[in-house]
């Protein structure tokens with residue numbers, strides 16, 4: 001059960017951009033909740049119901065914990081079960097009866113154009129794995145995909161003539177996202193010169209990106225190659241796959257893209273989620289003013 005907690009905490013840290021202190025609090029809350037479940041002979045999140053969660057909060061109330069701590073527990077548990085549901089780890093979400101508590105966010109980190117370029121030029125494209133990695137990095141930045149969307153792409157989701165890809169996002173919602181010419185170029189090269197050497201006729205199931213065993217890539221593998229190439233490129237900031245999505249959105253807005261169009265490309269159901277990138281763009285504008293205005 002803790003493996004799901006660890007994956008959730010990683011997502012909060014790098015995809016939701018929560019601080020280390022906040023994610024540590026979430027983890028401690030969830031470990032305490034898991035301990036309660038184990039004490040009640042529950043070792044499967046699918047067996048958790050609203051009654052059991054209420055019992056957990058009743059136990060906490062008896063310990064005279066503060067309202068703020070109770071609210072944090074509720075936020076931790078609710079958002080964790082939402083993550084489990086979004087990733088099809090559970091069949092139903094027992095926390096829907098809980099008060100809605102939203103995770104507060106800080107502005108996400110982004111890469112500069114130069115930093116993106118450095119990372120994208122790191123893979124050795126003369127090697128089978130390097131060519132695959134190059135195509136992956138190009139597509140991450142070109143289309144702003146989530147890692148889960150990237151690893152689940154299939155060959156028939158690519159439409160080269162239209163320069164688009166079909167993506168299945170959160171809740172299996174389908175959307176169409178443009179591909180840039182550079183990404184198209186490297187994906188075509190990968191399909192000709194790399195994927196045939198990785199493909200396993202039985203295991204591959206038409207997934208676009210494959211590992212050496214011929215099966216689809218894991219989320220952790222994408223994290224590993226992004227970390228590897230960013231370090232090789234000498235990038236000082238903490239780089240993770242989702243930073244390409246942040247950079248994709250920010251660079252589009254910096255270039256004058258319409259907010260609604262960016263919302264559609266990212267697959268955000270609520271435009272307020274996309275609007276966080278306009279705040280990053282304001283920071284960029286302020287920096288331009290400081291750098292170039294005579295009295296900046």
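Cβ atoms here come from the backbone N, Cα and C positions, even for glycine.
These come from TrEMBL:
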{"type": "ACT_SITE", "residues": "146", "note": "active site"}
{"type": "ACT_SITE", "residues": "170", "note": "active site"}
{"type": "ACT_SITE", "residues": "242", "note": "active site"}
{"type": "ACT_SITE", "residues": "245", "note": "active site"}
{"type": "ACT_SITE", "residues": "268", "note": "active site"}
{"type": "ACT_SITE", "residues": "277", "note": "active site, O-(3'-phospho-DNA)-tyrosine intermediate"}
{"type": "DOMAIN", "residues": "1-85", "note": "domain 'Core-binding (CB)'"}
{"type": "DOMAIN", "residues": "106-290", "note": "domain 'Tyr recombinase'"}
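Of the listed active-site residues, namely 170, 242, 245, the sparsest Cβ surroundings within 10 Å are found at 170. In terms of DSSP helix, strand and coil, the domain 'Core-binding (CB)' (1-85) has 68 helix, 0 strand, 17 coil.
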